[in-house]
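Undergrad: Dropping the structure in here first, questions after.
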Amino acid sequence: MRAATAHHTTEEPMDNRQVTTGTPCRIQRRRTKGWRAPADAVYVGRGTKWGNPCTQIRTPALDGTEWERESRLGKTSGQHHGYRHPDGHTTSHLILDATPEQAVAMYRQWIAQRPSLAAAAREHLAGRDLMCWCPPPQPGQPDHCHAAVLLEIANPPAAPAEESTVGPRCGNNPNVTLTDGDRQAVEDFKAYLARRRAGGPPERDPFNTEPTR
Ligand SMILES: [Zn+2]
């Protein structure tokens, strides 16, 4: 994952409003007096549909693995809670507030199960800077903020390079190995263009396969 802030530059013009340029990035929203959100940045924290609802874990997970998302609301971090299974037996789990890493890992899974929300992110958040309260990552470290996941979803990488470099079979495409026949056709066409430039008598375009009338 790219460091969301690494490619980003900001300037502070006279009115103290940050101007953002280049790759969309994740911005820390601040309550500092005088701080104003950059133009066009979108707040994606709690209270919006983009907020991360994955805030707590239970450990162990119901299947016995280390931990999983606790989706029951109103639990208190540090307390044990019983989970009543469909077959009637109950297991005890420690509820903990998720670490930033866990919260982002859970969000990645959560939004992957919600394709319509991911589609909405591509539609509404593409090219926009995203704001959350999380502190920015240290240089070179991953951004443990769900907004980094939203940035990835909203700005998918361009189509793989090989698709655009294969291209058509033509003499100008370095990725195509021409046959002798191809080369002859290219030479014929160059000669035709040269004769036309020289202003010779009109002749039929050899590459026009329409029957002459
Ligand atoms: Zn965040």
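Just so you know, glycine gets a Cβ as well, placed from its N, Cα and C.
For 1-21, 159-213, the entry in TrEMBL reads region 'Disordered'. Taken from TrEMBL, the feature domain 'DUF4326' applies to 31-152. Residues annotated as compositional bias 'Basic and acidic residues' in TrEMBL: 180-190, 202-213.
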Undergrad: Mind looking up the mean pLDDT for the domain 'DUF4326' (31-152) in the predicted model?
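TA: Taking every residue in the domain 'DUF4326' (31-152) and averaging pLDDT yields 95.
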Undergrad: Tally of helix, strand and coil residues over the compositional bias 'Basic and acidic residues' (180-190) according to DSSP?
TA: 11 helix, 0 strand, 0 coil
